[in-house]
Amino acid sequence: MIRGNQGKGGSDDGASCAIMLEILRVITQTNMPLKHNLVLLFNGAEENFMQLANALVVLSSTAEDGEIEVRISASHGFITQHPWAKQVRAFINMEACGAGGREIVFQAGPNHPWLMQAPLHFMFSEPSVTSSPLYSASMRTPISIGSLGDQYLSCSHTLMRTPIFSHWIRRGSNGGYLTRWFLGQRSVGEWLPNPGLDLAWSSNGYVYHTKFDDVNQIPLGTLQRTGDNVLALTQAITSDYHLADTQLYKEGNLIFIDFLGLFVIRWSELFGLVINTSAVALSVFSVVKNMKHGMITNDVSRRDYMRQLLRSVGVALALWILALLFVVLLALALTVLGCTMSWFSRPLWLVFLYIIPSLLVPMALLSLVSRWQRPVIGSPWTLFQLYYDSYQLIWTFLLVLSIVFKIRSGLVPLMWVLFPAIGNLTRDAFFRHWKDSRWLVFHISVLILPLTQCMYLILAALTLFVPVMGRSGAGNNAEVIVAVLSSAQFVLLFSYLIPLILLVRSPQKVLGFLGSLFLLAVLLLVFTPLGFPYSGEMPSPRPQRFLITHTERTYHDIAGKVRSKETGYWVADLDLNSPDSVKGIVPEFDRVRLVEDCEDELYCGLPYLMPVVSFLWKTHWIPAHPPDVPIPTTLSLMSTETRPPSIRRLTFNVTGPDHIGVMLSPVSGVTLDRWSLVEGEPLKSSKWNNRDTYFVYYSYASDPEPLVFWIDLNVPDIGMKQILDIAVTSHFLHGPHKTSPEFVRFMGQFPSWASPSGWVATYNSFKF
């Protein structure tokens with residue numbers, strides 16, 4: 001199994017490599033010919049970050065005697081330099097943000113509907129040909145395409161599942177993204193953009209990139225199912241006629257939804273437009289029908305009824321907002337009390353802390369507000385129907401927005417519009433009176449399918465998001481994020497259930513029961529250890545992550561002299577409880593202090609491996625002895641050249657180990673127009689004191705060569721004393737110099753429920 005700098009690589013991405021090897025074995029031993037060549041890349045352009053091995057296995061269907069050619073190459077090198085890359089037509093990128101479960105399609109498309117249509121038909125029409133067990137070997141795959149984060153797609157026996165939140169989680173951080181990006185740099189006449197799929201496991205994200213991420217964390221059933229599905233997908237794509245010229249079939253999109261993990265429902269955008277438009281019309285008709293019935297029953301004018309209906313819509317929206325406000329205030333209170341992230345290892349806490357209030361608060365407020373409407377709408381059944389129609393109109397409006405903006409995830413509001421509308425229109429055919437238990441059963445029956453389907457999608461989202469909060473950064477309040485995420489989803493889920501409180505004879509009993517559960521949960525959380533967030537118990541650990549670098553940082557003034565130097569442990573706080581959770585356990589944390597250099601120093605004066613300062617900005621520092629730095633990192637200005645009218649070209653030489661970072665920030669009024677690193681306009685990173693910054697990551701597999709590059713700065717004022725801040729970092733991510741005896745001793749003091757990782761790094765800043 002591959003061992004990276006942050007774990008053993010069992011799920012990301014050793015298991016995918018094992019699946020690929022088994023797919024290679026099956027395809028080479030079957031008699032079914034391939035219509036198109038198949039390339040297996042056993043790494044995904046993340047090797048610089050994850051320290052994965054680089055290997056490329058190519059199986060050519062045109063090779064004589066089934067010849068298999070093996071070459072050593074990184075996927076970045078393959079996409080940008082290998083002659084075979086020009087022949088690539090589609091990609092499948094196998095990723096992981098967890099160690100099991102079914103595969104989520106994080107990205108797919110854009111367009112190329114054939115990519116979804118043909119594989120699904122192939123996978124459902126024929127049984128799998130995989131017969132032998134998968135191996136726990138090592139390595140990885142890329143296959144990619146543009147992002148369609150609003151598609152829904154999945155099956156318990158297929159490779160796909162809801163590709164939710166593709167623009168939030170790990171955006172642009174995987175091999176598929178890099179593959180797409182470099183493919184996108186090609187000229188249209190030479191390398192046309194390629195379609196594909198980004199797949200990833202999402203369950204058990206707790207062990208992702210930790211010391212626990214080994215083969216024992218990956219269920220054999222997950223390996224078998226993923227192997228079966230990806231094999232079927234591979235056979236389908238390599239046998240599909242669309243692959244001969246994908247650009248001919250580029251236009252169009254399909255809409256998918258995973259129905260409870262049982263099967264996939266799909267239709268074209270045009271058919272979806274017809275269904276959505278029909279549902280809107282049906283919804284409006286049902287509301288008008290109910291309005292006429294309510295006017296007759298309560299002897300009110302159309303104007304008064306419309307006024308009450310619009311008022312009910314406003315109340316319904318206010319109930320949603322107030323429910324969210326309540327859980328946000330609760331999350332902030334728990335943060336102040338130091339009782340955060342109890343749901344991390346025990347997601348059941350979400351039910352009592354945030355889901356019950358999502359039902360309790362709207363019901364309580366609705367019971368209060370409805371008293372003001374009873375003088376006009378005397379019947380509680382008509383009042384119930386009024387709020388029922390209010391939620392119907394809100395969901396209809398959301399569906400209209402999805403139609404106008406062509407949002408394919410409009411499938412969700414479609415369910416909440418179509419089924420209640422059908423229930424409204426068919427209710428009178430079965431019931432002459434609404435006041436009995438049979439009507440209540442009918443009401444629930446109408447909602448059971450959208451309730452169940454949306455609950456399924458919500459649980460999938462929470463399964464994905466809760467472990468991610470363990471690595472979202474201390475600067476982002478995970479308690480508030482999860483509170484809003486949970487409540488926002490469930491308050492929508494409860495839309496048509498909230499008005500039922502108007503029909504209850506004793507609403508105080510219902511509200512009292514829900515309130516008692518909520519208060520009891522809060523008391524247990526505050527006064528007992530039941531809310532401790534982490535666990536190191538096998539076989540299902542829920543560890544707290546710590547990312548620590550033994551750092552030497554040096555700051556130089558404009559004359560090149562050292563103005564400050566410091567050594568210690570830089571603690572990049574990955575969750576809300578860091579570093580307080582280990583104070584009193586790890587003695588060094590008694591000296592910890594908050595890093596407050598972000599305004600004065602570029603990238604906070606710290607050796608960031610990647611440009612993530614925008615969300616990992618809250619970090620801590622522990623003074624310590626200097627680390628062992630066997631290879632010094634140097635920056636030298638080789639030449640300065642002035643070019644008219646106001647361009648200053650600076651040429652630099654950077655030396656150091658095999659992983660180096662360069663951070664640049666022109667002073668205010670100066671702009672970076674060009675550089676020699678890549679063609680085109682340099683890509684900007686996050687702002688620093690309203691100044692542009694740029695981040696360069698430079699790495700070698702071994703025997704690094706100096707980085708020599710030039711930058712063109714537009715300097716309008718030739719008399720400026722300083723035009724640039726620049727910093728260079730070095731990272732010893734592997735080998736004997738990754739740690740020191742002192743560093744190992746320090747890391748060994750962490751409790752069993754913690755998963756620390758780290759390396760030696762340096763930071764040197766200069767002014768020019």
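For all residues, glycine too, the Cβ spot is worked out from N, Cα and C.
Noted in TrEMBL for the protein shown:
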type	residues	note
DOMAIN	7-121	domain 'Peptidase M28'
TRANSMEM	270-288	transmembrane segment
DOMAIN	305-525	domain 'Endoplasmic reticulum metallopeptidase 1/1-A TM'
TRANSMEM	309-337	transmembrane segment
TRANSMEM	349-372	transmembrane segment
TRANSMEM	393-419	transmembrane segment
TRANSMEM	439-468	transmembrane segment
TRANSMEM	480-504	transmembrane segment
TRANSMEM	510-532	transmembrane segment
DOMAIN	541-766	domain 'Endoplasmic reticulum metallopeptidase 1-like C-terminal'
Mark yes when the transmembrane segment (510-532) and the transmembrane segment (393-419) have three or more Cβ pairs under 8 Å (sequence separation 6 or more) and no when they do not.
no
Could you tell me whether the transmembrane segment (270-288) and the transmembrane segment (349-372) have 3+ CB pairs under 8 A, leaving out pairs under 6 positions apart?
no
Can you work out which residues elsewhere in the same chain, 6+ from the ends of the transmembrane segment (270-288), have a Cβ less than 8 Å from its Cβ atoms?
255, 389, 392-393, 395-396, 399-400, 402-403, 408, 410-411, 414, 417-418, 420-422, 424-425
